[in-house]
Structure formats: structure tokens, C-alpha cells
Amino acid sequence: MSTVTIDKSGPTRKVKYGSMSRDRAWALRWSYFFLVLFAVFSLTPPFYMLITSLKSSAEISAATNPWWVYHPTLENYLGLLTSNQFLRFFWNSAWVSIIVVTITMLISVPAAFALARMKFWGSATLATGVFLTYLIPDTLLFIPLFKMFAVFGDWTGIQLINRWYVLLLVYPTLTVPFCTWIMIGYFASIPKELDEAAIIDGASWFQTLTRIFIPVALPGLIAATIFAFTVSWAQFLYPLVFTTSTDQLVLPVGIITTLIKGDVFNWGQIMTGALLGAAPPLIIYAFLMDYYIAGLTAGATKG
Amino acid sequence: MVDVTFQPNRVAGSQARKRGGMRNALRRKSTVAFVMTLPLILLILILVVYPAFYSLHLATLNKSMAKFVGFGNFEFLFRRDTFWLVVKQSCIFAISAVIFKALIGFIVAHFVHNVPAKKQRKWRGMLLVPWVIPPAMSTLAWLWLFDPSYSAFNYTLSFLGIGPIPWTGDAAWARFSVILVNVWYGAPFFMIMYLAALKSVPEQLYEAAAIDGANWWQRIWYVTLPMMRNIIAITTLFSLIVTFANFDIVRILTAGGPLDHTHIFATWAFRVGIEGSDVPLGASVSLFMVPILAIAAVFILRDISKRGNEA
Amino acid sequence: MSRKKLSRREFVAATALTSAALITAPYVRGAYAAGKLSMAFWDHWVPGANKASEELVKAWAEKEKVEVTIDYVPSQGNKNILTIAAEAQAKSGHDIFAMPTWWCHSNSEQLERVDDIMGPIIAENGAANGTVQYLGQLDGKWLGVPASVGSQIKGPCSRIDLMKKHANIDVQEMYPAGSPPKADNWTFDTFLKAAEACHKAGVPFGIGLGETSDSVDTAGAIFQSFGAQLVDAKGNLTVKTDAVRQSLEFYKKLIAFLPPDAAAWDDSSNNKWLVSGKGAMIMNPPSAWAVAKRDAPQVAEQCWTHGFPAGPKGRFAPYLPYFWSIWNFSKNKEAAKSLLVHLSKPASIEKMCVASGGYDLPAYEKLTTLKVWQEEAPPKGTLYHYPNPYKHQTLSIAASPAPPKVAQQIYFQATLTKMCLRYYQGEAMEKTLAWAEGECEGFMRS
């Protein structure tokens, strides 16, 4: 949190030497120059997505100036937003993300509370273990998980492969460790007197958590929620491996596997799809930037 | 902040002292705590730890998974040129991408820090956009920017008399493109982390340095860098792990081509294990990510315990 | 492992029981008396082509009172292959799956044999071509019904104007609509000269060197025209032979005239190349032309699909069939077979073929001269020679006649195009061959 709340406007405080301030002015000009350069670099792909999404496929194949739209059209947007398939991807993504966020919070908030405040046998090891789990990448686990789910289906008859709900099982492995970790940090920064007082007053641990910790650590909770949501929304590998039928797909995989077709290149639609797929995280980011950044920085500074 | 994790024992201790003879309550407390962490423990055991070991088991089976072959898969891998190519590329990819991300992140963070505070928010907001877009989606835009027939970059460069550049067609360019996209995606994260760290450097230190007549380079070298050492180390380690294990960018942009010259562990494991239906071989390939992860983990753990001791 | 086997046997037994129950159950009445059937068809590249198969299936379902669901699975990004792998692992999924080329063989343990329906189908439609037999049969038993949907010849599609202007070749004269080809001079030498001329003129041939099927197929046909095989039919390594060396030499000359980033091409790159007007020829079924018809009509008017040039050992063209296969875990095999018979009726095949704008190519002898290829335009007759009506080229698939499971790896790992690229980029011939031999040895792993 420190990053966001402490916003000393340090560098602008002027030192009164003439040459110094002239240096400052030049430094400022250079800073702007490079910032513009980097901003162009950062924003080129999303800008290009937008431009291309407004073109008809005839205009794209005519290979006119790629950076400009001569005959803007919304047909790509209309096409996608009225296609059942695309809407299905969108809903699948939304459902999976919302449920995963809920599961994540239900698992990680109590766990973080217990790890931050209630000493028990092995709790320190567990806290470190949680952190290490966060470092294990999805790319290491997808093959054994794939085989595990297949064998599980063989034994029990419960099919997990190619069902969207399999994602509810695997996504938390990506979100829970990190969320637990940052929640430990937030809970730990709450003064001990608060919960000690509550316990003495006869509150149960559960009440301490819901009445004191959650309200006080609300910003952290929001940051963790945003994190869990963006991770679930953006995941690509697991849905690519575990789901295949078009009605089970989530957005990123759906766009990449069904909109890109070998011989027909509807790049206008693909870019529209990509832009719509990027929209929810972007919107959250636009409105809750501070929480977003707080979550981001908390993760590593507290590591 | 990590130190705090290790403090609850102190809390518990002081509490027990305060309220003497609370063994019963304490036992109840640890039961409650255990119940609260149980879902977390189960999740980690079943869906992370177990598959990790299962992967070791898979790696010892033959292609049809009917026979135990011991280290047969590894022996087979060691004899393949492609495998060594993938090892080399994973290292090149991860190391160069992380270096550039760190450098660009550091430089940009400085520029943002230079700008008046009121405007910083706006710049920061714009520069973080690449990190916010799901990488699978933004890589699609890059793919289209690099397209052999319709590349917008080549269109622009043709006015300067350059090109057409085979962005994903030539081994060297393809590696460059893959790294470029990764840097584009990851540099903002470094920028944000460094910016946070820069803001925590006390202004007095700079003023003192300025009075001592230090130039900007000396200020960075003697004030900024030492103050930011920790954050640089931890961010770099994190990024190294994530970059090393990258999948989506390479998969979407080049799918490993041309001539396997952009395959990294994850994409090759996917190709061999899932697409080529050779699950054991794929598992063996992905296991090679473990050593680098282990090294990073050791460093991070050392850092944690060091800071724990300081506190 | 033994536990798993047991449970699988139980599972199969249970499946048999339920399907038996479904067939015999006397109390099942109502609209969907014959149960459910789900199928995964190939998602067609030609806009609107899926509709024909959907209508045919719906009509059949109505009559047979079966509840059907159709998924259209695209092949881009190996989506269909991933889906097949997942369903084979999970032992559940669709009843019928459209298997591309090699995937019947790679899943042969889990596919229902369909000889009982193939007999009558062949009797009605004529014999299936050799490539289809090679890919669709194991020990003389059919692993699937050859699907017309998606089956294709990837011959040259040339620009009439550009070939005339730069290479001095009149493709319409060589392959006249309505009459046999006069293509004796259409050999690798002519082809290479034309490639050079077009490259010089700034409209190079758009032949990919990537790892996807379009690139591999072209390489396969060229290798076969030199008589080159990496692994022979008996499974012996035949990499270090003169035929392979000749093919590589030829490719080395050819690559110099191809677009610089051909190594990164996928199945859509050559289409884009043609539609954008940048090239004089690509190797592709008529989907590129179909897209041009929609997006760049001035290009489409100049397209002509014709036969492959001939090499020293004959004239080969890449043929890629699809198969409709029935998983052995399907719970409604009888209904599945009945549907496949329905889809293989000449009228059904023609209907799908027309809907695909002539893209689909039936594997059966009697069905290669449908009206659709004579009529498609512009320009009129552009597809006349696409289905190889005069049998003047041999249809084959890259990496054949190696044992299919090995050939599949050679094909899927794109060993042929990788060899060509390596050699072109300056690797010594023997080193490239040694590398390829090592790869092939790896593919023989069980």
C-alpha cells in the first residue's frame, strides 16, 4: 500500500540554484520526450487492434495504409456480439472468473488470517510453502494434471476433461497462493492491540476476522480480488489443454482457436475479439488503478 | 513485511502470558487455525504437490505409458539436438528478456519519477496498459503486426527503404520478435515496482548528495541503486521464473518455428506431450524447468529469512 | 496399471450394456426414440460450407428420431488434434469424430471398425483412392469412413495474368477447361524457371516452409516426384539416398525464389499471399480463391487451379483426406453407422461438395467429375482440373509409404521442410541427412 498512499511530490520541490533549475528543466524535457516514445511503444498494439477492428475484411485485404481506417464499420462488433458462440465464450469466461474469485477469497482470507495471527504447529513453514507454490508455473503442471484428470475420469466416471468446471479446480492453484500471501501482509500490518482487545471482549476468532480484519484490510481485499479476476480472465494454457468443445471454451482460447481459421482470415473480427477480450481487465484497471497497482507492488515488496 | 509472518508466535506468547493457564484455549485456537488453513493445504497438496510428483512418475514411463523405462526418456532427450536447442533458447529467451525488461523498467521509472507528481498518475496509467491486457490477446495484435503479407511495421519501414523484414520467418528475427513482445508485456511491471521503490527513497538523501556535488550518475549509483537493491533482486527473480516458464507468447506468435528456433521448454513440452501424444516425454521436458525454479526459490528463501532475522 | 485396465474393461462392458439397452428397450417412445448422437465435424474454411452437412444430418435425424448435436472443430492451431487427444485420453466425448489424415491410425485402438458399411458404400461410389486406403485401413480393416468434407488436393493455384506476363506460361492453355491437360512440358525445370522469373518480377511463388500441413504437403509431393522417402514401407531408414539428396538440391534452388519469411508460414499465409496480390502461385485447395472472390474479386478472376509439375519419378499431387470415425466408447454405434451411410450417398456428397464451392474432394472413383468443378467461376472452369479428372497425377501424402505411425511423426514434426531449410541455410548435405535420420529414429519410439 505504501506506494499509493505515500505520494510525496519530492522531485518538484525546487532547489534554488540557477544552474540546478536549468538542469531540471532540461531533464524534464528529456523525460517527456522519452515518455512519449515509450507510451507509443506501449500503446501501438492496442491502438492497432482498435484500428483493425473497425475495418471490413475487403479493406484489410486491399492492403491500404494499415494505420488508418478509410471506411470505418462496426460490422465486426455487430458480428461478434450477435454470435452465440462468442457470447458463450464471454459468459463462460465471466462465470469461471467470478466463481474462481469467490473460491479464492473463501480459501485465502481465512488461511491468511490464521497464518498471520494464529500461531500453530507448522504455520511458518506453511506460509513459506504458500509462497513457493506461487512460484510453481502452470507450464510445469499441465501435463501431469491432464493425465491425472483422465485417470480420475477412468476410475470414477466423473468427467473433468473438456468440461468448463475443470477450470474451477485448476485456476485456484494460480490465484490462491498469491492472494493468501498478500493478505498475510495486509493482516499482519493491522495493529495487534485491535484483535487482542476483541478477543478479550469475548469475540471468537471468526468474529475477529469478519468484524475487524476484513473491514480494516478492505483495500488489500480489493487488490487481491482484482488480481484473482485478472489472472482467471487471462489464463490461456489450462483452458487450451483441458477444454476443447466450443461450448466449453473461455474467451482467450475461444478467440484463438475458433476465430483464426486457416484459409479465411477475418482479422477484423479477430482484433475485435481480442479487444473485447481485453476490455474487462482494462475497465477494472481504468476505474480501480490504485488498487490494481497496490496489489501488484504488494506481491513483491512483501516477498 | 515478510518478517511479520513470523511474528504471530510473539503475539501468542504475550497473550498466553497475559492470560495464564490458557492451554485449553490455545489448543482450541490451533484447531480453529488448522481448520481455516485446511482448504489451502488440500488445494496445494492435491493440485500442486501431487501433480509435481506425478510428473516425476510419468517421466519414467514409455510412450504408451505401459512400461517403466527409468531414465530412458531423459537418455532419449539428451541425444536429441532439438532438446539442446530448446535448453539454449529457453536460457537466451529468459535472460535477455529479463535484462531488457529490467533496464527499460528502470529507465522509464526514472522518467516518470522526474515528471511533476500530478502528471505521474496519467503516465503511469498509460505505460502499464501492456501488463493489463491478457497476453494471449495482445500477442494476437503483435502477430498481426508481424504478418508476412500485411505487416504494418513493414509497411511503415518501406517508406524508409527498409525491409521487408521477416519478423517471424527468420530464426534470428523470430527470436528477436518473441523477446520484443515479452519485453513489451513485462517491462511495465518492472516500471511499477521500481517507481514504488523510487518513491520510498528519502528525498534528503538526494539533497545531501546534491550538496556534496554528486552528478546524476553518481546519485543513481550511490543513492538510488543501493536503496533499491532488494526490490531489483526480487523483481528480477520473479520475472526470471515467469519468463522461463512462458507459454502463451511463444505459442501464439511462432508456435516454436521457424525450424524450432523459438521453442522454449513449455511450448516444446506442449508440442511433444499433448499434440504429439507422448505424455511421458512431455513431462520429462517440462521437468527441466525445475532446476532453475529451485535456484530461484533458494535465493528468495534466503532473502526472506534474512529479512526475518533483521526484524 | 492393472487396476486401470480392469476399470476400463468394466467401463466398456457398461457401455455395451447401455447401448444394448438403448436398442432393445421396448418402453422408449417419443420423438427421440433412437437415442442421442454427437459429432465433431471439421470446421470448414469455405464460408457457408458447414451448412450443407448440418442440413444433411438434421434431415437424417428427423427421419431416424435421433437427437443430434454437431460441433464444428477447426484445424487451425491444431485444435482438432488437441481435441482428439483429449477425447482419447478421457475416453469420452463425441460419437463421431472427423479425423484428419493420420489420426485414424494413431487412435486405431480406440476406433470402431466400419467394414460392414464400407462394403456397400464402395460398391455404390467406386473404389477409394490409394492414399485413402493407406490412411484409413489397418490390417485391411477400415478405421473410418472417408469423408468428402475437408478432403482436398493441394495443387497449384496460379495467377493467369502474372504467369503469362513474367514466366511466359499460359496455364489455361496447359490445363484447358473441359479437356485433358497438355502439360508434358510442365516439369520441375519449367516450374523452377517460372519461380525464378516471378521472383525477379516481384511476385514470387507463395510456397511455405513452415511446420503446418500446406508447407509439408508441397514438400511431400516434390520429394515423391524424385522418388525420395525417409522411411520406406517396411520401416527401414532410407534417408541417405540419392533421391533425398536430389530433392534437397532442388528445394535449395527453389527456396532462393520464395518469400524471405516462408519459414514462418502457416496454412493461412499462402492464402493471404495470393489474395493480397503479392504472388503468382500458391499450393492450395480453392479456399484461397474462394476468399479472393469475396474480398478481392480482381484477383479471383485471374486464378486457375491446375496440376502439379512432374519430377523425374512422376507427377505427384498432395491429397489430404478426412475420415469420419466412430469412437469405441460411443454409446450409439449403430446410429452413428447409419448416419455415415447417409452422408456417403452420392447425393449427399455432391450437396456438400457444392456447398464448399468445389473445395471438397470425394475419395471415390465415380465422384471426381461432378458438375460443380465445371461450373465454378470466375473465371469459368477455374476448378475444372482441381479434382484430377484425367488421373494424370498420382495422389499421395507426404511421408508415405512409411508405416503410418512413423509417417505421422515425420509429417507432424515437419521433418521434410526442416531438412530443406537446414540445407538451404548452409548446413552440409550429410549433416542434414544425419539430423533427419536421428529424427526418424526418434519417431520409431514406442
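Placed from the backbone N, Cα and C atoms, the Cβ positions cover glycine too.
Marked as domain 'ABC transmembrane type-1' by TrEMBL: B:87-302.
The transmembrane segment feature in TrEMBL is assigned to B:32-53 (among others).
Sequence annotations record features per position, and here TrEMBL assigns transmembrane segment to B:92-113 (among others).
Summarising the annotation, TrEMBL assigns transmembrane segment to B:125-145 (among others). Under 8 Å from some Cβ of the transmembrane segment (B:125-145) lie the Cβ atoms of residues 108, 112, 151-153, 168, 177, 181, 184-189, 191-192, 248-249, 252-253, all in the same chain and six or more residues away from its ends.
Outside the transmembrane segment (B:173-196) by six or more residues, the chain places 89, 92-93, 96-98, 100-102, 104-106, 108-110, 112-113, 124, 127-131, 135, 138-139, 142, 146, 165-167, 228, 231-232, 235, 239, 242-243, 246, 249-250, 253-254, 257-258, 261-262 with a CB less than 8 A from a CB of the stretch. Sequence annotations record features per position, and here TrEMBL assigns transmembrane segment to B:173-196 (among others).
Remote same-chain partners of the transmembrane segment (B:231-253), defined as residues 6 or more beyond its termini with a Cβ less than 8 Å from a stretch Cβ, comprise 90, 93-95, 97-98, 101-102, 106, 135-136, 139-140, 142-143, 146, 168, 177-178, 181-182, 185-186, 189-190, 193-194, 196-197, 225, 262-267, 270, 289, 292-293, 296, 299-300, 303. Here TrEMBL flags B:231-253 (among others) as transmembrane segment.
Nonlocal intrachain contacts for the transmembrane segment (B:281-301), taken as residues 6+ away from its ends with a CB within less than 8 angstroms of a stretch CB, comprise 55-56, 58-59, 63, 73-74, 76-77, 83, 86-87, 94, 233-234, 237, 240-241, 244-245, 265-266, 268-270, 272-274. Per TrEMBL, transmembrane segment is recorded for B:281-301 (among others).
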